[in-house]
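Positions annotated as (6S)-5-formyl-5,6,7,8-tetrahydrofolate binding site by Swiss-Prot, on the basis of sequence analysis: R21, E78, K118, K452. Annotation source Swiss-Prot lists K(+) binding site at N224, T243, I245, T248. The annotation GTP binding site is assigned in Swiss-Prot to 224-229, 243-249, 268-271 on the grounds of sequence analysis. Residues or ranges marked as Mg(2+) binding site in Swiss-Prot (evidence: sequence analysis): S228, T249. Taken from Swiss-Prot, the feature domain 'TrmE-type G' applies to 214-375.
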Amino acid sequence: MKDTIVAQATPIGRGGVGILRISGPLAQEVAKEVLGKELKPRLANYLPFKDQDGTVLDQGIALFFKAPNSFTGEDVLELQGHGGQVILDILLKRILTIKGIRIARAGEFSEQAFLNDKLDLAQAEAIADLIDATSEQAARSALKSLQGEFSNKINQLVDSVIYLRTYVEAAIDFPDEEIDFLADGKIEGHLNDIIRQLNGVRKEAKQGAILREGMKVVIAGRPNAGKSSLLNALAGREAAIVTNIAGTTRDVLREHIHIDGMPLHIIDTAGLREASDEVEKIGIQRAWDEIEQADHVLLMIDSTEQTAEAFKTEWADFLAKLPQNIPVTVIRNKVDLSGEAEGLQELDGFTLIRLSAQTKVGVDLLREHLKKSMGYQSSTEGGFLARRRHLQALETAAEHLERGHIQLTQFFAGELLAEELRMVQNALSEITGQFTSDDLLGNIFSSFCIGK
């Protein structure tokens with residue numbers, strides 16, 4: 001017989017209500033032993049919870065959900081009693097005296113829901129993300145993922161890939177006409193539509209991953225431009241040593257902050273210049289390592305040393321070396337000394353913010369700009385939440401689509417195109433759990449709460 005599992009569904013500690021959840025074929029047996037009666041599905045019962053000798057341990061609401069009409073898809077019993085931890089522990093101990101009942105693993109209720117097709121893997125992950133959300137925007141986005149918005153987009157992509165794959169494989173079955181099929185433009189048109197569709201989902205997923213995991217913001221610039229002062233201003237504390245000596249920061253400094261609940265990882269780096277000191281050279285190389293992995297770069301410029309219009313010329317080598325997909329915000333610091341007014345403007349394709357890290361004038365403008373860059377919205381609108389593994393799967397799918405496009409347009413190789421489309425389908429299906437290893441499932445659900 002399949003295991004019946006039990007766990008506390010409410011947080012450990014003192015509260016108004018405490019809930020124990022039981023799922024599995026023995027759920028009704030628990031009701032008979034602890035409550036003294038079988039329960040009708042979906043009907044709330046106010047009953048005493050009894051020990052083996054009939055002693056009343058607590059009293060409260062009991063709810064029974066008959067399979068498959070429950071969260072896990074199994075028979076489920078919920079006992080809602082008083083929220084004292086001692087009471088809940090006594091009741092849990094009582095339930096575990098019943099043969100065939102064991103404590104649930106972390107995330108096992110959600111895992112059973114996934115295995116019983118009550119929700120897919122992306123939706124299951126969204127449960128944990130909703131619980132862990134640190135902002136209203138992240139919570140709303142996690143809820144959209146739980147309701148299937150992300151999964152629906154993936155399923156639409158998979159359906160499009162299957163349709164095209166079927167069309168291509170049908171052409172392969174008629175070798176005399178295969179070239180005509182592959183060259184008539186219809187397959188390439190469908191393939192281009194899938195590529196555009198996938199790129200749109202990738203863009204949304206990247207924004208969703210930033211909402212969940214935080215945006216990595218690297219502060220870069222020349223020595224003494226005020227990078228460490230800006231880190232301190234954003235952190236709201238003296239996280240970095242600040243002096244007038246150029247090159248004070250020689251290693252990477254990291255600070256984790258929240259802006260209206262939105263997580264950011266702020267990284268202060270060594271000043272970029274030609275250095276003769278070996279230690280400083282190492283610091284500069286580490287700075288570049290961080291820059292190349294950034295989600296956003298803040299380029300600090302001393303407003304007392306050059307005009308705003310000159311930055312593209314002065315920083316041409318830096319901009320050329322920077323990966324093209326990383327957004328850059330130019331920060332003109334020390335406006336308290338240069339006499340410039342605080343403000344934000346668009347200049348030559350870059351956002352430029354004038355501020356003083358020392359006096360904190362204009363720092364709020366930067367905070368609002370970073371929130372916007374992360375996808376913050378004060379309304380109820382917004383996208384779904386995503387994880388890094390989702391981004392990796394989407395990236396893998398995009399790579400196979402690109403290879404498939406080459407096989408089609410350059411070689412008219414139907415069999416190789418069909419194989420690339422199969423790989424695309426597998427990569428996308430990993431997101432929803434249609435093709436997923438047991439090891440991956442274990443890693444995902446082990447990060448959940450006990451009782452979920």
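Indices start at 1 and increase along the chain as displayed.
Cβ atoms are placed via backbone N, Cα and C, with glycine included.
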Site extent for (6S)-5-formyl-5,6,7,8-tetrahydrofolate (largest Cα pair distance over R21, E78, K118, K452, Å)
18
A270 (GTP binding site) falls, by three-state DSSP, under coil
Local confidence of the prediction over the domain 'TrmE-type G' (214-375), expressed as mean pLDDT
89
Given the binding-site residues K118, K227, K452, which one has the fewest other C-beta atoms within 10 angstroms of its C-beta?
K118
Given a separation of at least six residues and a C-beta threshold under 8 Å, show me what packs close to E78 ((6S)-5-formyl-5,6,7,8-tetrahydrofolate binding site) in the same chain.
A9, I19, L20, R21, I22, I61, A62, L63, F65
Residue from K118, A270, K452 whose C-alpha is spatially nearest that of N224 (K(+) binding site), among the binding-site residues:
A270
Indicate whether K452 ((6S)-5-formyl-5,6,7,8-tetrahydrofolate binding site) is helix, strand or coil by DSSP.
coil
For R21 ((6S)-5-formyl-5,6,7,8-tetrahydrofolate binding site), just give me the three-state DSSP call.
strand
So, three-state DSSP: helix, strand or coil for E78 ((6S)-5-formyl-5,6,7,8-tetrahydrofolate binding site)?
strand
S228 (Mg(2+) binding site) versus A270 (GTP binding site) - Cα distance in angstrom
9
Distance check, please: Cα of S228 (Mg(2+) binding site) against Cα of K118 ((6S)-5-formyl-5,6,7,8-tetrahydrofolate binding site), rounded to an integer number of angstrom.
50
For R21 ((6S)-5-formyl-5,6,7,8-tetrahydrofolate binding site), just count the other CB atoms lying within 10 A of its CB, please.
23
Express the distance between the Cα positions of K227 (GTP binding site) and K452 ((6S)-5-formyl-5,6,7,8-tetrahydrofolate binding site) as a whole number of Å.
43
Let me know the DSSP-derived helix, strand or coil state of K118 ((6S)-5-formyl-5,6,7,8-tetrahydrofolate binding site), please.
coil
